[in-house]
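The UDP-N-acetyl-alpha-D-glucosamine binding site annotation in Swiss-Prot covers Thr10, Gly11, Gly12, Asn124, Ser183, Gln283 and rests on sequence analysis.
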Amino acid sequence: MKVALTGGGTGGHLSIAKALAIELEKQGVEAIYLGSTYGQDKEWFEDSPLFSECYFFNTQGVVNKSFFKKIGSLFLQAKAALKAKEILKKHQITHTISVGGFSAGPASFASLLNKIPLYIHEQNAIKGSLNRYLSPKAKAVFSSYAFKDKGNHIVTSYPVQNVFFDHARTRTEIKHILFIGGSQGAKAINEFALFNAPKLTKQGIEITHICGPNSYERVRFFYQELGLLDKIVLFAFHNNIIEVMQKADLCVSRAGASSVWELCANGLPTIFIPYPFASNNHQYHNVLEFEKENLCYVVPQNELLPKKLFEVIRKLNQKDEQGHKNLTIISNKLQQKIAKDGAKTIIERILSA
């Protein structure tokens, strides 16, 4: 038995791949990885001990491109699929697991050509274009969201790494706020943090701000101009997100699925600002259920005024009839919403099929 893991491009897809790879290693199953030279795949897995071999193809996404660029991208995908076909055959792969993203294309199509069972994990509440096409052809599609086209879909707990559960805690007071601008550096969140920093620090609330590599110098300059550089903790990027997450009592973040469920597992109440240009507005749909259950606060980017933060803080500090803070109630309920060992459940279902 030998498994090929494929897909990525962004941290959300790659964090799932990592969680599944860790579980495969625990179960003594050898795995290889097939991704792209474009995006973050190499950064995550090029030297990873989780895989016996890693392959990175010259591929790019097709979505949101002009007609001629789409043709070029499809040509690269087809060329890579032929290479992937030979790689899967060479390694005698018995199962292929796709975590989605454009870099999953070549190995997924190669698996179908080689008649290797294909399993898909769909991370978002709205399927990506590749997964929409491949889902009917897959042996099973795993997701933490229930889709209308049930068919071969299996609802499981999100494959969050155990470290997020292990460092979970119930929040009782807002002493520390974490702003996550993401690897791309969300300008709206970065500016939201900068606007609110003077008042927050004046109130004695600590700030950790991950602003993204491309925004680091600009954001650092503005904190310096505000005279706050020595009063906040600023990162361009952080390799160990749980280290900063566990210290925080409130988070401000985009609504990528992996971030949503990692924050949930850690019991960290969050203000989500969904990326408004995400395909099919999937970031908003990722947190829609959470919002309906009063487990988070969702603020559209075009309504992100500085005062929103303090409105949410006031709501979180309010108490119910039993004297429990909303902050604590939400933190407890978040930890109950997601079960541990999502990756283990998925891998066991695949290996026993």
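All positions are counted from 1 along the displayed chain.
For all residues, glycine too, the Cβ spot is worked out from N, Cα and C.
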Cβ packing number for Gly11 (UDP-N-acetyl-alpha-D-glucosamine binding site), 10 Å threshold: 21
Where Gly11 (UDP-N-acetyl-alpha-D-glucosamine binding site) sits in the secondary structure, as DSSP reduces it to three classes: helix
Binding-site residues compared (Thr10, Asn124, Gln283) - the one with the fewest other Cβ atoms within 10 Å: Thr10
Under 8 Å by Cβ from Gly12 (UDP-N-acetyl-alpha-D-glucosamine binding site), same chain, sequence gap 6 or more: Gln123, Gly256, Ala257, Ser258, Ser259
